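Novice: One structure, pasted below without further comment.
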Amino acid sequence: MSRHRRLATVAGHSPRDRGRRLRVAKGPRRWQRRQGRTFYVFVAPWVIGFVILTLAPIIYAFGVSLTNYDGSSSFWRFIGFRNYVEFFTKDTDGWASLLRTLGYAAIVVPLSVAGGLALAILVNQRIRARGALRALFFLPSVVPVVATAITFRLIFNRDAGLFSGLMGLFGVHDVTWLSDPWAFYALVVMTLWGLGGGMIISLAALQDVPSELEEAARLDGASRWRYIRSILVPLISPVLYFQVVTGIIAALQMLVQPLLLAETNRIASSAQVPTSSTLFMVKVYNEFFISNRFGYGSAMLWIFFLVILILTLLLQRLSRRFVFYQVGGD
Amino acid sequence: MATVSQTDVGSSHKASAWSYIGAIVALTAFGIPVIWLILTALASPSQISEGTAGLLDIHPRWQNFVDAVTMIDFTAYAGNSLFLSTLVATLSTISSATVGFGFARLDARGRKPLFSVVVATMMIPNVALLIPSYVLFSRLGLVGTYWPWVFWGLSGFPYLIFLFRQFFAAIPVELEDAAIIDGCGWWRIYLLIFLPLSRPVLLTSFLLSFTMTWGDYLAPALLLNLDNTTLAVATATGYLDPRGNGLLTVQAAGALLYMLPVVVIFLYAQRYFMGSSIGSGVKG
């Protein structure tokens, strides 16, 4: 921001720039500087925390990724980018888990966003017990992950699970649903149980849509479905886009759910996570805590960060075409 | 920032019969897992061995809940969870409010780019960040202590900072202009005028932070020991028979007891949870 522009606003033409308007009243530069300093005092906790708790671990991981550190011994060497080369050339399991994770996201994210939107539209209508329905649909998404995992371990339990019992009615007996290849789908089902979180976000957006629009669409002879498709969805597309982005990031870094859902009860060791639910972060976790390959695991983490970065940028590009931003904002 | 603040707000479109069918189907789908959890928690081991149908024959066995509390040191772990969650909720609420106020009301060079960084950090995959954080904390000798949570709490959470910023930014300027003319400093304006106004947001932030910490599994699993870990870890890993197999009925009872505080807080303070929806804040 140039000095000229700042001086130009002193006259108070820009109603948003309070600080600058106040400069006139209080004696120019000193006020400006004091407010600037005060700002940094107020935001200091976050800035310091960001540097120490976010930047430092990420940079540290990059340093470790260039070594063969095993997590405990002091005999480690700098090995350049060998870990990265190993992942890209040799680690077929790692690649498989990365692709599996992308597949998982490709299934879970559209279903959660669409399901959440459908529920939001449902409970945005004049429907009986609307408040209770909203709460009940939302509730599963706030249940702690450990409780959710135990619940679905019971549902898919081989001998006494509800799902096994239902399948038994169709003559399918004694299938260990929490092992390969079914564990993947159990994980998908468990994730979808929490789609009420997205419903609440969509619902908040739906409530911002002026009711006159629906009235006008109806008078013009548009069907309910047409109204939803051509007016409602475009109007709240920024919120849906937000859910897609955060949903993809959440899906890609899925770790605790596959660990806890694994049929084994010795949860501390994740080596027993079935292959079909060994998502990328599970693989990273194994490299760190089963194989003690901290260097290699760190390299995988950095590859992961880059994958997320690339996906986010791609989505941002795509969003220009599909997301409709209201001019002027709210 | 419009939010789902009132549970009775919505479109005037009257629900059709299809909507009711959809609602019933959805209710069944969402409800069945919890009902199954409760049925298992009330069953006896012999019913479990009879298979799925055995569970439908209900003879409540309350002993499962007694076992859930006695097989592991339940009160101690619950105490750890309560302490850690309260600690994080208090620290993160205070610091997020302060930082949010800075971003909403104070002007300075670099404010806008810095706020974009806050928003961008919401996109950082936390799980991926936690693993190198664990390595760093272990090198600093902080594994097995609650210090990492103190640091996390003190630095505030991006999501909560965002929440506070939105709230503070919507308060009319005249309020602080008057205070400034009266010679009030920014800290006094913040503490005496803005904080008291933000009581609902403070409560929302505290509850979100509390339930998040109560529900977290990975951080305590990596960073704490068996004697000072949280109920989340104890519930997930305890309740085994001597051979290391899970005792399903006790696990179910333990899971119910463990999630109970979160469910109670949620039902009691629904509107705060729903009101915190970030959705409309990201528009345009």
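Any Cβ shown, glycine's included, is placed from N, Cα and C.
TrEMBL: automatically predicted annotations, no manual curation.
Copied straight from TrEMBL:
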DOMAIN    A:98-315  domain 'ABC transmembrane type-1'
TRANSMEM  A:39-62  transmembrane segment
TRANSMEM  A:102-123  transmembrane segment
TRANSMEM  A:135-156  transmembrane segment
TRANSMEM  A:182-206  transmembrane segment
TRANSMEM  A:227-252  transmembrane segment
TRANSMEM  A:294-315  transmembrane segment
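On this model, are these features tucked inside or out on the surface, and what's nearby?
Specialist: Within the chain, the transmembrane segment (A:135-156) has long-range Cβ neighbours (under 8 A, six or more residues past its boundaries) at 119, 123, 162-164, 177-178, 182, 186, 189-190, 193-197, 199-200, 256-257, 260-261, 263.
For the transmembrane segment (A:182-206), the residues of the chain that approach it from at least six positions outside its boundaries are 100, 104, 107-108, 111-113, 115-117, 119-121, 123-124, 134, 137-143, 148-149, 152, 156, 175-176, 232, 235-236, 239-240, 242-243, 247, 251, 254, 257-258, 261-262, 273-274, 276-277, judged by C-beta separation under 8 angstroms.
Within the same chain, residues 58, 61-62, 64-71, 76, 79, 83-84, 86-87, 94, 98, 241, 244-245, 248-249, 252-253, 280-281, 283-285, 287-288 sit at least 6 positions outside the transmembrane segment (A:294-315) and bring their C-beta atoms closer than 8 Å to a C-beta of that stretch.
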Novice: Checking distant contacts: for the transmembrane segment (A:227-252), what same-chain residues at least six beyond its ends satisfy Cβ-Cβ under 8 A?
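Specialist: Same-chain contacts beyond the ends: 101-102, 104-105, 108-109, 112-113, 116-117, 121, 191, 198, 201-202, 204-206, 208-209, 213-214, 217-218, 280-281, 304, 307-308, 311-312, 315, 319, 322-326.
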Novice: Counting only residues 6+ away from its ends, which parts of the chain sit with a Cβ under 8 Å from the transmembrane segment (A:102-123)?
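Specialist: Non-local partners: 130, 133-134, 137, 184, 187-188, 191-192, 194-203, 206, 228, 232-233, 240, 243-244, 247-248, 251-252, 254, 279.
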